[in-house]
């Protein structure tokens, strides 16, 4: 069976940002590393121009998929299947955030079709509705090479297995031509490139209000962790946001959240695994959502075997599955700094019934 790019997919995505397209298959016609800030801890971002053979559009690769580029699996002319994505509008431009990908064919010899820039064509048609689109690329800002003659693809559709699988329920596959319900994006799609974003998420954790006082004045803050099927993200509110939102957000409840500031995650204080976090602002909107059946109450990271703990990076946050064998009594010790502290020993059994002791 010959591989085919999804006909007219870019136009359909352009016209309806909430449309889900099943088995979306596109070709990479350009790829470039871009920076998002001067912060050294900011993750590398990759801008990818994707095409359906008729039109092309700018896309950003979710940072959890960076390894596909770093391992040279995604390159110019690669054929990709995209099971999960979101479309954002930034000014007059449309940007697709790729949340999940499968590499159908990494090495494809040349460009398929003669695609044109969907944003440029839309703007041209808006200025002159009677103007027919030019048969060539209308904008070169994406550094796309001159178009080549139409190429009829002749490759086998045997996607390479992906090491990344987005946390999207298998029982709810995308339907062709079906609009996303609720007009919100998954947490995994939250980034500086997500314009006018809104998420539907459950509060899995909420801190107490912390207060401080220094030479610059007094202040207070609190943080919450939101989760949905795609992952988790931390959100923090300061001062007025504490007064406005602290009592409104309750652990276990589901909310629609929008209009917060997206910043680089402070990794030492953020264990969600997300590259970004939310800062509540005076304009932040929080609406309690009664429909919560499709929002999980807990989400696990990639499970780590107890036998692999020696390979885990120091201070990393992990999830394990084990049998709790016994719990020791809480005891008090005196640290080197002469500060009293407490500790507790627990024993876990692995699937192979090996015993592992942990001191807290």
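The backbone N, Cα and C atoms fix where each Cβ goes, glycine too.
Now, the feature entries from TrEMBL:
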- 149-159: compositional bias 'Basic and acidic residues' (COMPBIAS)
- 5-106: domain 'Replication factor-A protein 1 N-terminal' (DOMAIN)
- 197-280: domain 'OB' (DOMAIN)
- 306-349: domain 'Replication protein A OB' (DOMAIN)
- 119-179: region 'Disordered' (REGION)
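Across the range of the domain 'Replication protein A OB' (306-349), the DSSP-based residue counts are 6 helix, 19 strand, 19 coil. The average pLDDT computed over the domain 'OB' (197-280) stands at 93. Within the domain 'Replication factor-A protein 1 N-terminal' (5-106), the DSSP-based counts of helix, strand and coil residues read 15 helix, 52 strand, 35 coil. In the domain 'OB' (197-280), the DSSP tally of helix, strand and coil residues is 9 helix, 47 strand, 28 coil.
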